[in-house]
Amino acid sequence: MMHIKSLPHAHAAATAMSSNCDIVIVAAQPQTTIANNNNNETVTQATHPAHMAAVQQQQQQQQQQQQQHHQQQQQQSSGPPSVPPPPTELPLPFQMHLSGISAEAHSAAQAAAMAAAQAAAAQAAAAEQQQPPPPTSHLTHLTTHSPTTIHSEHYLANGHSEHPGEGNAAVGVGGAVREPEKPFHCTVCDRRFRQLSTLTNHVKIHTGEKPYKCNVCDKTFRQSSTLTNHLKIHTGEKPYNCNFCPKHFRQLSTLANHVKIHTGEKPFECVICKKQFRQSSTLNNHIKIHVMDKVYVPVKIKTEEDEG
């Protein structure tokens, strides 16, 4: 008996051989031949080389996946729990054999597993971002209700400026310029001031407080600037010099008044007699003359009728 693997070989063999020869045509696909010899069963399987290579590759992938799974379990047991990053390749939830399915089906299943893992990682990240913020400290909360803060908010809410002495003069009805407001007033004489520092210095007049003392003559002063100018008397320091004459002065204000002598400037004018002066203090003393002219004492003159 002769085994022929192709149809052309079968026709050639039929013409060459006699009629007593049996011809069997066998397909090209692998077959399994079972033979019994001395009660021992031998199984021979003929497999295509490409199929064997695919099976070996699948087995290697399964071994790698098992090793990765084992390493992940060891890391979870040794370290604190954390959200793992999305894996680049995931084992499928069921066993698949390349001999049973196509490569396209395997790729589709792998892509579905990757999408599910990425969705789980995104949910974990969103849960971490939605955690509540840390609670505000008690001291920070009390600061918002402190008396200074409440007073400042109430002061600004009523139309006052944060820096009363720095604002411009307000414009009233008809374009008339009003005096800048003076929100700080003295509780003793009810005098009002634009700045709190000016009120603080004014109150020292009523209390008699003079905290600044000269170390040379033991003279005391209400303001530190006055003490600074006083010390120049002992040191003989006169840092301000006139550009018109060789005179020197201890205070800048004294120099400014002296320069008006050379320039002839007299900015202070009396509203009654229109006389002008270089200094405001000289004008104030001049106004007292007009006030004293209006002060009189009624004197009754005796007449002859009164005597009779």
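Using N, Cα and C of the backbone, Cβ positions are placed for all residues, glycine too.
Annotation source Swiss-Prot lists compositional bias 'Low complexity' at 56-76.
According to Swiss-Prot, the feature compositional bias 'Pro residues' maps to 81-90.
What Swiss-Prot records for 50-94 (among others) is region 'Disordered'.
What Swiss-Prot lists as region 'Disordered' is 123-143 (among others).
According to Swiss-Prot, the feature zinc finger maps to 184-206 (among others), an assignment based on sequence analysis.
Applying DSSP to the zinc finger (212-234) sorts its residues as follows: 11 helix, 4 strand, 8 coil. Residues or ranges marked as zinc finger in Swiss-Prot (evidence: sequence analysis): 212-234 (among others).
The annotation zinc finger is assigned in Swiss-Prot to 240-262 (among others) on the grounds of sequence analysis. Note on the zinc finger (240-262): residues 229, 232-233, 278-279 of its chain, located 6 or more positions outside it, place their CB under 8 angstroms from a CB of the stretch.
Sequence annotations record features per position, and here Swiss-Prot assigns zinc finger to 268-290 (among others). Looking only at the zinc finger (268-290), the predicted model's pLDDT averages out at 91.
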